[in-house]
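A.B. asks: For reference, the structure I am asking about is given below.
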């Protein structure tokens, strides 16, 4: 009887081990025989997330490169606060996109339900924020117009403080052939271009306001706007684009409303496709 008590557990454990050896599953496989459609969806979901991971890393690299370049150009002097730096937006967008896409890649590759649920939740949050932003654009158009005007005025006041902001203002003034917010006289509110300023730019405007910013057809003339605020209206009109950029930017946004809406819808569709593929992979994992 004592031998039976010893032998029975030994034989039962041996049988269990044999069953485990014959029925052991690879943790990377969802279930013994995945369908070809499931395998195709898994590969598509992986490459979809990989593409957005590379895009997020590219945006992150651009933001970090911009921050490092500006810090090296400033020579250690503090310019614009870091919280208001436009390059910080690239860094944040790149970090978020990279983290979410990496979670999707690893969730599909390792068949991890937790990572896939995190990925689906992030896509749901992004889609909700985009829909909420679209509704706010429709419902609060007047307030957003006033906010855009305040933003443009802030760009004029801080024109010399941030190289990115300076580049953006110059590109807008060149492309839209405008100057200032309402007119070229708005540049007098800037500390450096005010007529009471002791600098060489006093009573001037940026060269991007000039009708002919190039000297001799090829060399940029950075001094073409010097002293323009001291000229009369007729003389200034012969030298500068005197119209303001506020109305030009608003008209440009109205003209591009269709393209902006198409881009937003395309982004939502891409997110929906990614979510559907992740849902399919998650269903196959839980079914297995």
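Even glycines carry a Cβ here, placed using N, Cα and C.
Predicted automatically and left uncurated, TrEMBL annotations should be read as such.
As annotated by TrEMBL, compositional bias 'Acidic residues' applies to 13-24. The annotation disulfide bond is assigned in TrEMBL to 179-195. Taken from TrEMBL, the feature region 'Disordered' applies to 1-27. Look at TrEMBL and you will find 46-68, 88-109, 115-140, 228-253, 259-282 tagged as transmembrane segment.
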A.B. asks: By a Cβ-Cβ criterion of under 8 Å, what residues six or more beyond either terminus of the transmembrane segment (228-253) are in contact with it?
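C.D. replies: Same-chain contacts beyond the ends: 145, 148-149, 152, 172-173, 176-188, 193, 195, 203-205, 209-211, 260.
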A.B. asks: Counting other Cβ atoms within 10 Å of each Cβ, which of the disulfide-bonded residues 179, 195 scores lowest?
C.D. replies: 195
